[in-house]
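A.B. asks: Feature list, courtesy of TrEMBL:
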COMPBIAS  A:646-657  compositional bias 'Acidic residues'
DOMAIN    A:89-295  domain 'Cytochrome c assembly protein'
DOMAIN    A:315-625  domain 'Cytochrome c-type biogenesis protein CcmF C-terminal'
REGION    A:637-666  region 'Disordered'
TRANSMEM  A:6-26  transmembrane segment
TRANSMEM  A:38-62  transmembrane segment
TRANSMEM  A:96-113  transmembrane segment
TRANSMEM  A:125-144  transmembrane segment
TRANSMEM  A:177-197  transmembrane segment
TRANSMEM  A:209-229  transmembrane segment
TRANSMEM  A:313-331  transmembrane segment
TRANSMEM  A:352-371  transmembrane segment
TRANSMEM  A:391-410  transmembrane segment
TRANSMEM  A:422-440  transmembrane segment
TRANSMEM  A:446-464  transmembrane segment
TRANSMEM  A:606-627  transmembrane segment
Amino acid sequence: MIAEIGLAALWLSAALAVLQLVGGFFGARDENNELRALVRPAAVLQAVLCVISFLCLVWVFVITDLSVKLVASHSHSMKPLAFKISGAWANHEGSMLLWITVMAAAGGLIALIERRLPERTMMATLASQAFVAIGFYAFILLASNPFERLSPVPTDGNGLNPLLQDMGVSFHPPTLYIGYVGLSVAFSFALGALMTRNVTPDFARVMRPWVLAAWIFLTIGITAGSYWAYYELGWGGWWFWDPVENASLMPWLAATALLHSASVLAARDALRTWTIMLGVVAFSMSMVGTFLVRSGILTSVHAFAVDPERGSFILALLALYIGGALVVFALRANTIAEGQRFSITSREGALVVNNVALSAILGIVLLGTLYPLLTEAFDVRVSVGPPYFNPVSAIFLVPMLMVLAVGPLLRWRKDSLSRVKWPVVVSGAVTLAVLVAVALLAEIDILPLIGLALAAGVGIASFMPLRGRRLRRTPLAIWGMCIAHFGVAVALFGMAADSAFQQERLVAANVGDTIEIGPWEATLQSISPVAGPNWTAMQADMYYSYEGGDLMEGHPQARSFWAPPGETSEVALITRWNGQLYAAVGNMAEDGRWQLRLWWKPFVTWIWYGGLLIALGGALALVGRVVSDLRRREAEAQGEARAYPDEAEYADYDDESSVPAAETQS
Amino acid sequence: MKRLRYTLWFVVGLAAALFGLFAYQLSQPKDEFVHSAMVGQPMPAFDLPPAVESRPGLSSADLADGTPRLLNIFASWCIPCAAEAPQLEALERAGANIVAVAIRDRPEDVNRFLAIYGNPFTRIGSDDISEVQLSIGSSGVPETFVIDGNGVITYQHIGDIREEHVPILLEELRKAGS
């Protein structure tokens, strides 16, 4: 019964999406069309029904209703409750339902909250959102129904892939999806603005918080995913350039570029077509990523549903939406008037460099991800890995980080470098000093060396925009920017330090042996069997001491699951402020010794702290923008402020300006 | 503006080319196997002890005596290996000389396996640490290699041998002998 309710709710949502599309289409053409009144309620109701449908799926997983095929093939009555719940989306059908739920929720939220856009643009936006959603409803309902029944009912389920039986999976996919699919909003806004020829600074201000929200979730999702891969796969790496990791990175790069170019559009009415283009590209990258993952066209650890028929379906959707958007773009872009001009040495100029670099890295990652596919068409099998991605992206990353240090200090429109001479000299000097010092003291590769130096320079430079400001009066958005940029430096430092100074040992140890690794001594005390709810494991009881200090415990396990059968490595992590000791236990050799794998990873945790700081910066900026927007609305309602302050003042108010003008006025 | 327009159509064309590539790759049968880079290369040198008492062990010298052979990589714990046993017997009846390497196995288990599923092998080497398996580029069990009379690997079959593969293997064996 519950499964049927879920399915019915999903069909109803699909029908509402059609209504939203039709109403939105006519509403966008003619502001007085009566169908217009249906659009917002349809979007909101669609969101509610989708959430109901998703909850139904979670519920059948919670009660392990084995008559539902999806439950039978991916769950098991013995599984802990948390993993029963996360099992609902740790499979193809469930994850697509999560996808459409997020998409409907995003559309519903816009319909409910957003009142600042001209009505016609809003209608076109909601119509685009519905248009994209309809394709995915069709995909779920026709080709991957999560509520399909099974007869006869099996006695128990197949269980969940042991790798996915981890708290990380409860958290990582939903967060990532909110970000990933949340970008559909940018796509719809871009198309809406394009179709109604309304690419204005106001439009950019409306779009920005929505993109920012999706981007925050995407940042957290990627960070969490990286940490999950790090401790769950047991390989000690935190980024593998796996096609699916790239699929989440590409929308992030596009969205990051979009956020920065939207700032230019909001403050200075420049980069109009470019901003629209990025809006289209960001969500297109989400869809391409979904296609790559779900079609099984590339081999990846995430490819849990390899089905060419589904692949063809998604490909058709992809061609329709991305191709359609690009064609609309090509037809309409030249009707958008050129924006304001600006000099190279200006805030806009720096942001353009940032955009070019981010787009170039996006192109590099896309090329590297698709290259095996391209050569395979000519019967050559290659795999593209870090030797390509790391140095080639560094070519653009290094100049981008240099500009990141300087750009926020520059004024809009036109500025001179001599005005910001001192902060630039200070950060440059720090970068050089670290570069020389590290190069003299340690023998490390060139990329980590540059990384360490730039991390130091950017770390200092990221707080330079606060110079000369009264800190308590500095808008939250500026704090957000500084913290996000600082997060970049922190993450970069973690990456560089880990790859430069990490130590690894693979040993066969007897019980009682002590292994030295870096500043650590690890002792294998005993090996004992332990049992969990649906697994058994050999657990190594180990004691660790840092530079001869206090003993710390950590218990790496080699786990065997029985439903479905599989093995995972549960690593032991000893975390200090300056790094992590990473221990994994393998099999017993024939002579009774145990395989132990130990890594000392200096500052590796900073990678994820950095990622979280970036997200925190985004969150502060979002709160700052929303609060200032609410205040402005309040003021407008009371008639105290002019409804449309002119551009420069607006920019100050929004604090797009680098000049602390607000303070001199007060 | 005109140039912008051309650039935009170029982007549309690029996307179309990308979708074309995707569509082409989707329509291609997906080959999940990792083929050995050793095909066309001589066998690496090895010398394996016998896996069971009833058959001698296997060394690389045994494979370079002028007779083309099939080399079957199997294990008693491997279910597809049991499934392909009738096809191996058919190959033997058709005149193929088949040698085998048992991977990570125990003599009593191999004996039991051969008693149930038949023993078409002239020699069975015991590879307890997968050294020979890895050195000839085999990534799992079962796999079957064609070795010509000079000890050169000429063909690799990955996975269990189905009925339709028997003529293919015989043809490869014939080619290796000529």
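Quick reminder: no glycine exception, Cβ is built from N, Cα and C everywhere.
TrEMBL annotations: computationally assigned, not manually curated.
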A.B. asks: Based on Cβ pairs under 8 Å, which of the stretches A:38-62, A:96-113, A:391-410, A:446-464 lies most in contact with the transmembrane segment (A:352-371)?
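C.D. replies: Counting Cβ pairs under 8 Å, the winner is A:391-410.
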A.B. asks: At an 8 Å Cβ cut-off, counting only pairs 6 or more apart in sequence, do the transmembrane segment (A:606-627) and the transmembrane segment (A:209-229) clear the bar of 3 or more pairs?
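C.D. replies: Touching, yes - the transmembrane segment (A:606-627) and the transmembrane segment (A:209-229) meet the threshold of 3 or more Cβ pairs under 8 Å.
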A.B. asks: At an 8 Å Cβ cut-off, counting only pairs 6 or more apart in sequence, do the transmembrane segment (A:446-464) and the transmembrane segment (A:391-410) clear the bar of 3 or more pairs?
C.D. replies: yes
A.B. asks: Can you name the far-off residues of the same chain, 6+ from the ends of the transmembrane segment (A:6-26), with a Cβ under 8 Å from a Cβ of it?
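C.D. replies: Residues 33, 35-39, 42-43, 45-46, 49-50, 52-57, 60, 97, 100, 104, 107, 123-131, 133-134, 137-138, 140-141, 145-147.
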A.B. asks: In the same chain, which residue numbers or ranges, 6 or more beyond the ends of the transmembrane segment (A:422-440), come under 8 angstroms Cβ to Cβ?
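C.D. replies: Counting only partners 6 or more residues beyond its ends, the transmembrane segment (A:422-440) has Cβ contacts under 8 Å with 405-406, 409, 449-450, 452-454, 456-458, 460-461, 464, 467.
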A.B. asks: What parts of the chain pack near the transmembrane segment (A:391-410), using Cβ distances under 8 Å and only residues at least 6 beyond its ends?
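C.D. replies: Tertiary neighbours of the transmembrane segment (A:391-410) are 345-347, 349-351, 353-354, 357-358, 360-361, 364-365, 368, 417, 420, 423-424, 427, 447, 450, 454, 457-458, 461-462, 464-465, 481-482, 485, 488, 492, 658.
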A.B. asks: Mean pLDDT across the domain 'Cytochrome c assembly protein' (A:89-295), rounded to an integer, is what?
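C.D. replies: PLDDT averaged over the stretch: 89.
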